[in-house]
């Protein structure tokens, strides 16, 4: 029953595909367009380079998918590129990957949302002037949903992703069939000419190559997110690695089919798109207010018969939805990476405690703020954002493939392995070496063509993150060294005497409970302490104390300026000075309230006092809570954190089922 | 020596005047202008009503100053209008005054800053387009200064206030002298005509009276801040009440002299000013971009020989500075009122603990945010803001004078008093009754003429504050009832058994110290508890525990999802369920760090766990701090709160000198 339950929560391939592939597949929505936008900088003539560039992208995708299938087999624990690089190329290189990936999560949100908004505007042009507001609204929506702790659900992902795949493939099939039948679809922009940008027209030799390389760099956005499956192997059903590798191959095939199909159809239908409407010729009306539709929208309109056809709205809706889901994957993927980095002490330790919602919330808010700022700054323009995107992806590709080569080198050094294993390892090494060389080459191309166009910002951000994470690790190491106990027995020596001081303001139930609990500890000395902030109240307290004949001495300290913290801290320090070997326990009665605004009305003094007392050596601070009836409202457990489905963790979070298997190293396959 | 020291920190009249009078005197900078702006709505012809309106304002000021001199004598404790009304007309009426005053503090900041910026722009017209940014910048500056805890200093106030008084009086004197010598100063706007607003031209009868009443209402801004001295009596040197009353009389005389002088000079120099530049006739150039200078600036320019004269810049600089200082008085006055309201439990209790900087900071930030929003919303336009200002002032004037009448009625009922005292009381009662009638009349006028122009917003804000404060008081009363112990002895019964649980993650110094301290308490049962979030770490801990042969059992609880809080809370609840009469003490080792960012890296789990444990009845939570070396950085006492000079409190804040005398009731005079 229990293992069946666990099996139920693990993902079958048909659900894993949409969860992990919504990000890489959704990039089909903008990859072709970005290639065309660069080529038309030189005018319409350069569009004939499109097939070659698309072919290069497809070849690259094949190499990357093949390479990552090796990662899936070799590292079934789901550590992904960061784990591969850390364990094979060292911690600093691993940290480079981690920083790149963190930047990439931000870019995934920004680019996917911007492109989603573009496709919404293509269907509803009236929204064009609200582009930035829409984009930031979607980021806010995703933030809210993820802060609420909504779990990713395979089913919720499945429908939009499959509808997107089906919609695009049907569109491509219909369009190409019409082409073969001699009635090719004609894009709305087919009649426009494009004047090249003066800087990029009439290029030859090196300059022409550079333009093509820029187009290729932009087309490489089709590869973003391909590695997602390698991070999620533990979420697959058994045999995990094999199922993950199969899913990866299927995803690669679908991505290639969609990308090739859309690109071919764009050429067939003569989509003429440019980064500046004012370079279009043959335009009716003012170029400044002309909004070009996305390539997907132009194709859907041309194939399905105009902007009011069902097919057009269907494709646009599915595209926008899948892009928003792709953005959501970053909200789920970010905590997973942060978790691992926190475990290695490169990020605050609490990110490793999954039950701590607060820490996750901070991560989600940081991600959303960064993405929102970029969307605002770049006016939600996909093309500008793309420049920042690809660098991190290829940094992690290159380093992880290089790491895999090292991995196989080490594996093959073990001469005792079976010949079949050795042969498989050698083949894998060739694949990964090819992957490393090719992605490294692309990295250089991207760096060369995109650096000045905005990629420098991504580099700066990654470097800062890298420095910060190294700093955090150093701080943790220094703290650990300071806290280490070379002689634990000496630290365990019992203090000679304990003095307990109970803080008292009025004689209500919380105070009386604190007194009762303090007496239960039977300290060597017990006293009650009150600060005379109000003469009348203090006099009344002393009277009551006397009447009740409480067997604990009540000490009153003066506070001319109605401060509480300073006189108490000074008194306790003076006690400590006069008998340094004594330990002082300060008991503070507190009320526990349930409504957020009640916190503003209570316990502020106690909170401040506690935080100051902690600075005094030899003092321990005890909160004695008294639960007011309203406190029951707030007594609920923490919700689950995002990213759990990707981890293969069962729902509910109660300790009902055993933890998902997360062993390291190679997994034997069935 | 000590009493001499105390005497030193109390304010001599020459320093008290600038501290308390910068607010009322600074309103001279805009009161005349606001009268003119209303009258010119009907065209230039109506300017001949100016002397009558100014005379009414002066008469009103005389009545109010005389009335408040009675308050100063009768209530030397400095409670001001709130205290007078609460103790004579009841708590609800007192709360109305409090709400009005809180709104007024916001308006003081907004109006003073807006007028200050106006006078800066009059000297440096290039800044005109940055009006709102300048105003919000000044609010931010004042906020920063007050958050830093800079103490108000009599000396810092003295120079600008006296320079302002001197500057304006010299300007008035020179101008009137030139008039007497037959060479009257001529304002730059003297040549312009003014077309009346169609709605307000050719008025007669009731409509004309209403226009004059509107002008009078606007002119009443001259009275804002007059009551400040009555709040600050404890800060004066002895005989406090007499010195305060004298200072008040001097302030009133100066205010009247300045107001009458500026108004007379404005008529002599023919300052033609209107709320809409496009109603000016004879203007060269575009009326939309024409900026009218303030009345003060036009007069200074006309008297001292143009806009590049030293006199002009001097008057403008002094005016702007005194207006910014006036805004600062709200930052100092607000905490004083909040302090008293918190003492009466109408505001969060911590506002009454003066040492708690955090609470003051919240108040300062709330004040700054509200003022900033108003400045932004009303584009830093003095005239629009003035509409919201005067209502609260006159609400508190009217209620406090009415309260004073009741006060004297009660005093005079005591027939045993000396005849001289009775005569003085009877005279005072007449003055206060006159004050109540006159200010009540003005309140009705202000309400009738300003309500639809923006004053409704001030009414709504005051009503909301009033409801909030009543709600807070009710909550405190309900809590007090719930916490009251009808049978204190029963609550004091010692628990039967104490179980202490020490939370352990690794065996470093903080953990060992927590263990040692827990043992010092000699509980009935002691155990160590660890959560197995990481198998290796847990195994290593168990090994060390065994090797060290620690005589405390180590209990390991599983946490499949690496949560800490939930398993611990559930374990402790299960312990409590199985033995409800037992008390559980949870000891949590913590490190104390000094840098703000270190808090992000440490103790987050402990913090969260503590906050959850407090919801479990029968549990007390003990923090055992370990001070890291960096903690010394943050171990400094809280700074003094703003408003202390007004209270007559000595600097430094250490309990070196006794508290300032704050006795209630009448003070015998020397």
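From the backbone N, Cα and C atoms, a Cβ is placed for every residue, glycine too.
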Query = Under TrEMBL, which of the candidate ranges B:384-405, B:494-515, B:516-537 is annotated transmembrane segment?
reply = B:384-405
Inquiry  = Please identify the range among B:288-310, B:426-448, B:541-563 that TrEMBL labels transmembrane segment.
reply    = B:426-448
Note = transmembrane segment per TrEMBL, picked from B:49-68, B:69-88, B:569-588, is residues B:49-68
Key: Given ranges B:89-112, B:593-616, the stretch to which TrEMBL attaches the annotation transmembrane segment   = B:89-112
Message = Are the transmembrane segment (B:384-405) and the transmembrane segment (B:247-269) close enough to be called in contact, which here means at least 3 C-beta pairs under 8 A that are separated by 6 or more residues?
response = no
Dominant neighbour of the transmembrane segment (B:454-472) in B:89-112, B:132-150, B:162-181, B:313-337, B:426-448, by Cβ pairs under 8 Å = B:89-112
Ask   = Who are the chain neighbours of the transmembrane segment (B:313-337) in space, where the CB to CB distance is under 8 Å and they lie at least 6 residues beyond its ends?
value = 19-20, 22-23, 25-27, 29, 80, 82, 98, 101-102, 105-106, 108-109, 112-113, 115-117, 119-120, 122-123, 138-139, 142-143, 145-146, 152, 157, 160-161, 163-164, 167-168, 171, 225, 228, 231, 296-297, 300, 304, 351, 360, 363-364, 367, 371, 641-643, 645-647
Request  = Determine whether the transmembrane segment (B:49-68) and the transmembrane segment (B:132-150) share at least three Cβ pairs under 8 Å, counting only pairs 6 or more apart in sequence.
outcome  = no
Inquiry  = Using a threshold of three or more Cβ pairs below 8 Å, and leaving out pairs closer than 6 in sequence, do the transmembrane segment (B:426-448) and the transmembrane segment (B:201-226) count as in contact?
reply    = yes
Note = Relative to the transmembrane segment (B:162-181), the stretch among B:132-150, B:247-269, B:358-378, B:426-448 with the most Cβ pairs under 8 Å is B:247-269
Ask   = Apart from its near flanks, which chain residues at least 6 from the ends of the transmembrane segment (B:132-150) lie with a Cβ under 8 angstroms of it?
value = 109, 113-114, 116-117, 120-121, 324, 327-328, 331-332, 357, 361, 364-365, 368, 371-372, 375-376, 379-380, 639-642
Remark   = Per the Cβ filter (under 8 Å) with a sequence gap of at least 6 from its ends, the transmembrane segment (B:358-378) is approached by 105-107, 109-110, 113-114, 132, 135-136, 139-140, 142-143, 146-147, 327, 330-331, 334-335, 338, 348, 350-351, 384-385, 388, 641-642
